Every structure is written in structure tokens, then in C-alpha cells.
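Just below is one structure, and these are the notes that go with it.
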Amino acid sequence: MAAENEASQESALGAYSPVDYMSITSFPRLPEDEPAPAVPLRGRKDEDAFLGDPDTDPDSFLKSARLQRLPSSSSEMGSQDGSPLRETRKDPFSAAASECSCRQDGLTVIVTACLTFATGVTVALIMQIYFGDPQIFHQGAVVTDAARCTSLGIEVLSKQGSSVDAAVAAALCLGIVAPHSSGLGGGGVMLVHDIRRNKSHLIDFRESAPGALREEALQRSWETKPGLLVGVPGMVKGLHEAHQLYGRLPWSQVLAFAAAVAQDGFNVTHDLAQALAEQPPPNASDRFRETFLPMGHPPLPGSLLRRPDLAAVLEVLGTYGPAAFYAGGNLTLEMVAEAQHAGGVITEEDFSNYSALLEKPVCGVYRGHLVLSPRPPHTGPALISALNILEGFNLTSLVSREQALHWVAETLKIALALASRLGDPIYDSTITESMDDMLSKVEAAYFRGQINDSQAAPVPLLPIYELNGAPTAAQVLIMGPDDFIVAMVSSLNRPFGSGLITPSGILLNSQMLDFSWPNRTANHPAPSLENSVQPGKRPLSFLLPTVVRPAEGLCGTYLALGANGAARGLSGLTQVLLNVLTLNRNLSDSLARGRLHPDLQTNLLQVDSEFTEEEIEFLEARGHHVEKVDVLSWVHGSRRTNNFIIGVKDPRSPDAAGATIL
């Protein structure tokens with residue numbers, strides 16, 4: 001019976017018995033071969049030498065050996081007396097088909113499980129990327145007009161503050177370190193962009209005219225009564241509004257960062273020392289001299305200056321919020337009294353009626369990018385109009401720089417003339433229509449057709465109205481790990497504003513100078529009706545924080561830019577955007593290259609010190625009246641390309657700093 005079972009097993013396997021691969025690797029004796037003589041044992045060295053012999057390659061051996069059916073170790077026992085050919089009693093194809101089917105079913109289960117798992121993991125990762133908090137603190141940039149304030153912004157980000165938290169702290173810091181440019185007694189505008197959701201908010205805290213201010217009073221006495229120049233400050237309301245929307249750290253903690261700078265002291269910057277030496281307010285008060293000229297003369301750059309008075313103000317604001325500034329408390333009374341004592345008409349009611357505006361920025365498409373900038377009374381539409389006009393020129397690396405400069409100069413003449421028509425749209429509905437025209441590609445094509453490629457226009461193509469703007473301004477640019485971009489520009493108007501300083505140390509602005517009125521000075525263009533003085537109105541502004549992002553998708557170039565210099569700032573921003581988005585230059589090179597600005601009031605084309613004599617001669621040959629100046633404006637910037645972020649200051653600024661978090 002055992003023999004029959006063995007025979008039956010062998011018959012079932014037949015010629016399809018499995019191959020014993022161990023038999024192959026051990027090189028068994030073939031059935032027809034004679035027994036080989038015993039092979040002596042080799043040592044380890046001899047074995048290594050044998051394996052290294054090229055003639056003992058196993059593949060060569062297998063090819064040369066006369067392999068018949070190699071009996072497996074399991075079948076050799078029952079094959080001593082049997083025929084090598086036996087009847088197959090089981091259909092091998094049926095068995096194979098059944099086995100294959102089972103294998104396919106198992107494979108299907110495995111593949112399905114893997115795909116399901118991979119899909120689940122992918123969906124989870126995508127949701128984490130879009131909706132989860134950053135897992136690692138990395139990648140960000142801060143740029144401001146003072147190195148101390150840049151480092152403060154980085155410090156806030158390092159403590160898990162939001163991009164807006166960092167911007168608020170840095171802006172308040174600039175009011176301490178750069179009091180000639182910005183401060184609690186001024187105003188500004190902030191543009192916040194959420195990269196993930198592609199949403200933007202413009203927080204406009206531009207100063208507004210007091211309710212009792214009249215044009216006639218300014219015409220008569222603006223030079224002798226600095227109190228008339230004071231608008232209702234918007235800085236505190238605007239920063240608080242931004243923090244309410246996007247802040248992460250407590251308001252009091254954010255203000256405490258800046259208060260520490262005022263309390264501990266800071267090194268006087270080159271720009272502040274120069275402003276105190278060359279541009280002190282006319283008829284500076286004793287309080288101003290005590291604060292900024294404690295030794296009777298301007299401090300030297302690098303000397304230590306403390307502002308415990310502002311530290312105390314920030315502590316009060318951190319505890320009680322904007323109400324301490326606007327609701328009739330001691331701070332309000334001090335500001336009203338200081339302005340009225342100098343001939344002003346501002347009242348407590350003006351402060352209580354003030355509110356920051358939350359708006360959408362204007363938007364244009366340029367070279368595959370969205371360009372976001374402030375809406376009127378700011379001149380963002382004129383900036384986008386300039387880009388729309390330039391987009392139609394063949395501006396490539398093959399075009400000479402001189403030819404490109406001519407096109408830029410003629411384009412900016414048009415854009416600045418358009419800007420002179422803007423004002424507060426709440427008081428004039430035609431301004432909204434003008435804004436829509438400036439954003440139109442069709443209008444841009446028309447203006448482009450009016451530009452002569454080889455000759456400057458002998459007369460302006462458009463009527464020109466009076467253009468005024470804050471010559472000094474402070475910039476804060478943030479790209480944080482939270483995927484928010486913040487661009488902010490603030491100002492007091494003239495250096496140190498009106499020159500009026502309260503007992504608490506708050507410098508008051510002179511923003512009413514940005515309105516237009518008749519007979520202001522000799523040789524001024526016609527006053528702009530759109531920018532005339534009215535109670536509660538906000539004057540025309542060249543504060544232009546600007547953000548750029550890809551028009552489609554998330555990947556590509558993002559920019560945050562700001563500028564000072566009033567109308568010169570608009571010219572500077574246009575040329576930097578041209579360098580980055582059209583000529584594909586890096587941000588550092590784009591900020592460093594020479595810039596120009598057409599002064600519409602004098603009909604002079606101003607160029608900065610980076611221009612060569614050859615470039616100036618080319619422009620003069622085209623009919624431009626060129627005036628070379630040292631610096632036109634400072635344009636700072638931050639750039640993000642995919643996951644790489646960098647903050648860059650304008651090299652013309654001796655004190656600004658950009659810092660990048662890696």
C-alpha cells in the first residue's frame with residue numbers, strides 16, 4: 001500500500017514535479033554521470049581564490065551542463081524503478097487556473113488595500129497643509145527702516161506671534177526709533193494678504209480733517225499756525241483693528257515689546273541724527289528740545305536715547321486699548337490742547353468720531369501676477385495704470401536700458417497726472433469712475449499709443465493738478481511662517497510732523513498739508529477739486545504698501561513692497577516691479593538699480609546717483625530735461641518664491657535692515 005501511495009504521488013506529479021533549487025545550487029550528480037572522485041577540502045583562502053576564478057561562473061556552468069529533469073529530494077526516493085515518463089492523471093491546466101484565480105483574488109485585495117491607504121494618507125496630508133497649523137517654525141522675513149525694529153519683528157515671530165503681531169510691534173517701534181517718520185500721532189495704511197485663502201484686507205487709518213477745519217483758515221495761516229495742520233491720528237485705531245482681525249498674542253503683550261524698546265533705550269540712527277540736524281521743526285518748542293536735543297545739540301549717530309514717556313503711553317494703551325487714546329481721557333485732552341494752543345481747531349469730538357476703514361485693495365494683473373495696492377484716497381490705481389501701460393511695450397533683455405528708461409519716464413508722467421485726480425471717494429463719486437478707468441487695460445492701450453518711442457512729449461498729455469504727499473514715511477514688511485504677507489507704510493507727513501509734542505511725548509502729524517487749496521505757493525499747479533479740504537475728509541496719499549502674488553495657483557513669486565518719498569515712491573515701486581516681474585532680476589538687484597522720477601511741476605526728469613553719464617545723455621537726446629539727485633526714495637521689499645523667502649532693504653538707506661528666518 002505504501003508503494004502504491006508513493007507511485008500514485010509520483011504519477012500525480014509526473015514531469016511537473018517541482019524543481020529543488022537547492023539541488024541546483026549544490027550541483028547534484030546528474031543521473032547519467034559517473035560518480036565523481038572525492039574533492040579535497042579547501043581552506044578559506046583557497047575557496048576565495050576559487051570563487052574569484054572567472055572560469056567558475058555558476059551561470060556558465062548551468063549553460064554547459066547537460067540538464068535533464070533534475071529529481072528533487074522529495075521525489076528521488078520513489079523513482080528508483082519507475083519509468084521516467086508516466087501518465088498524467090490530473091489536468092494541470094485546471095489546477096493552474098484554479099491556483100492563478102486564487103492568486104489574482106489575493107492580489108486584488110492587496111492592491112485595493114494599498115490604494116485605499118495611500119489615498120487616505122494623501123487626503124490627510126493635503127488637509128494638514130491647507131488647514132493645519134505650521135508644524136515647524138521656519139521661513140519668514142522682516143524688513144523695516146531700523147535694524148532695532150527689524151529684530152523686534154523677528155522676536156515676535158519667534159514667540160509664535162502672527163505676521164500682524166510682528167507688524168504692529170515693529171510699527172510701534174519705528175514710532176520710537178524713527179520719530180521723524182512715524183508715530184502714535186500719525187496714520188498710515190496696512191495691506192494684509194492670506195496666501196492660503198487668497199484673501200486680502202486693506203486697513204486704512206489715514207488721518208482725517210477736523211470737523212471745524214476750513215480751507216480759508218489754511219490759506220491764511222498754515223505757515224504760522226502749525227496746529228491747523230494736525231489731522232485726527234489714526235495709528236492706534238488702525239493697529240488695533242489689524243490685531244483684532246489677525247492677532248495671535250494678547251494686545252498688551254504686543255505693545256509691551258515696543259514699550260521695552262522705549263524704556264531700555266535705543267541707538268540713534270543716522271537718519272534721525274540727520275533729520276534733527278538738518279530738518280528740525282520750525283520754531284521747535286521747549287518740550288521738543290528737551291526730548292530730542294537734551295544736550296542742546298543734535299545727538300550723534302549711535303548715541304543712546306531713552307523714551308520712558310512713550311513707554312508709559314504704550315503701557316496705558318496696552319491695558320485700556322484705543323479708548324485711552326480716543327475716548328476723552330488724558331491722552332486725548334493733551335493732544336487737543338497742544339494743537340489748539342498752536343492755532344488748531346481739532347476737538348475731542350473729532351477723536352471720538354474717528355474710525356479706521358476696512359476695505360478691499362485695488363487689484364490689477366501684470367505679467368501673470370496679481371498686484372494689490374491701496375484704493376483712494378491712496379494712489380494705488382495710478383500704480384496699476386503705469387504697469388498696464390508698460391505691459392504693452394516690448395520690454396525684454398534685448399531692449400536697451402536707455403530705451404526702456406524713456407518708456408518708463410513717459411509712462412510715469414501719465415500715471416502721476418492721473419494720480420492728481422484722486423481723492424477721498426466718500427466725498428466725490430467721480431473718483432470711483434476715475435479709479436475704474438485707471439485699472440482698465442483698454443485705457444492703458446490708449447495712453448500707450450500716445451507715447452512717442454523716440455521723443456519726450458513737449459507738453460503734458462493730461463491736465464496736471466497739485467500733487468502733495470508725505471516726504472517721510474516708515475515701512476514695515478512681513479512674510480511670516482503663518483503664510484500671511486503684511487505690508488504697511490505710515491507717516492507724520494513732514495519730518496517730525498507739525499513739530500508739536502504733548503506732555504506724554506506724542507508727536508502730532510501735519511497731514512493737512514496733503515490737501516490741495518488755491519494760492520498755496522507761487523508756481524503751483526491748479527488745485528485739485530477732488531482733493532480739496534472738507535471736514536472729516538482724508539487727503540490724497542502716496543502711502544503705497546503693495547503685495548504681489550501669482551494670478552493662478554499658489555506656486556510662483558510673491559512680493560511685499562513699500563516706499564517713501566511721496567510721488568517719488570510711486571515711481572520707485574513701478575520700476576522695482578518692472579525689474580522683478582518683467583526683466584526677471586533678483587530682488588536685491590532690482591532695489592539697487594538706478595531709478596528716475598518725472599517732476600510734473602518743474603518738468604524735470606530726476607534721476608538718482610546710480611545713473612551713468614551715457615544714460616543721462618541718451619535721455620537728454622530724447623528731449624528730457626534731466627536733473628541728477630542723490631536719492632529719490634527708499635523702496636524696501638520681501639520676496640517669496642515657492643518655499644524660499646528673503647527680506648531686502650534698499651541699499652540707499654543707512655539704517656534699514658532686512659532679516660530672514662531660515
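Each residue's number is its place along the chain shown, starting with 1.
Cβ atoms here come from the backbone N, Cα and C positions, even for glycine.
Annotated features in Swiss-Prot:
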COMPBIAS  72-83  compositional bias 'Low complexity'
CARBOHYD  Asn198  N-linked glycosylation site
CARBOHYD  Asn267  N-linked glycosylation site
CARBOHYD  Asn283  N-linked glycosylation site
CARBOHYD  Asn330  N-linked glycosylation site
CARBOHYD  Asn353  N-linked glycosylation site
CARBOHYD  Asn394  N-linked glycosylation site
CARBOHYD  Asn452  N-linked glycosylation site
CARBOHYD  Asn519  N-linked glycosylation site
CARBOHYD  Asn586  N-linked glycosylation site
MOD_RES   Ser17  phosphoserine
MOD_RES   Ser72  phosphoserine
MOD_RES   Ser79  phosphoserine
MOD_RES   Ser83  phosphoserine
REGION    26-90  region 'Disordered'
TOPO_DOM  1-106  topological domain 'Cytoplasmic'
TOPO_DOM  128-662  topological domain 'Extracellular'
TRANSMEM  107-127  transmembrane segment
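Known features from Swiss-Prot, placed on the structure.
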residue: Asn198; record: N-linked glycosylation site; Cβ within 10 Å: 12
residue: Asn267; record: N-linked glycosylation site; Cβ within 10 Å: 16
residue: Asn283; record: N-linked glycosylation site; Cβ within 10 Å: 10
residue: Asn330; record: N-linked glycosylation site; Cβ within 10 Å: 13
residue: Asn353; record: N-linked glycosylation site; Cβ within 10 Å: 14
residue: Asn394; record: N-linked glycosylation site; Cβ within 10 Å: 9
residue: Asn452; record: N-linked glycosylation site; Cβ within 10 Å: 12
residue: Asn519; record: N-linked glycosylation site; Cβ within 10 Å: 8
residue: Asn586; record: N-linked glycosylation site; Cβ within 10 Å: 14
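Geometry remark: Asn519 (N-linked glycosylation site) versus Asn586 (N-linked glycosylation site), CA distance 45 Å. Cα spacing between Asn353 (N-linked glycosylation site) and Asn267 (N-linked glycosylation site): 37 Å, rounded to the nearest whole number. Taking only the Cα positions, the spacing between Asn198 (N-linked glycosylation site) and Asn452 (N-linked glycosylation site) is 39 angstrom. Of all the glycosylation sites listed here (Asn267, Asn283, Asn330, Asn452, Asn586), Asn452 has the Cα closest to the Cα of Asn394 (N-linked glycosylation site). Mean predicted confidence for the topological domain 'Extracellular' (128-662): the pLDDT average there is 95. Take the Cα of Asn330 (N-linked glycosylation site) and measure to each of the glycosylation sites Asn267, Asn283, Asn452, Asn586: the nearest one is Asn283.
For the pair Asn267 (N-linked glycosylation site) and Asn283 (N-linked glycosylation site), the Cα-Cα distance reads 26 Å.
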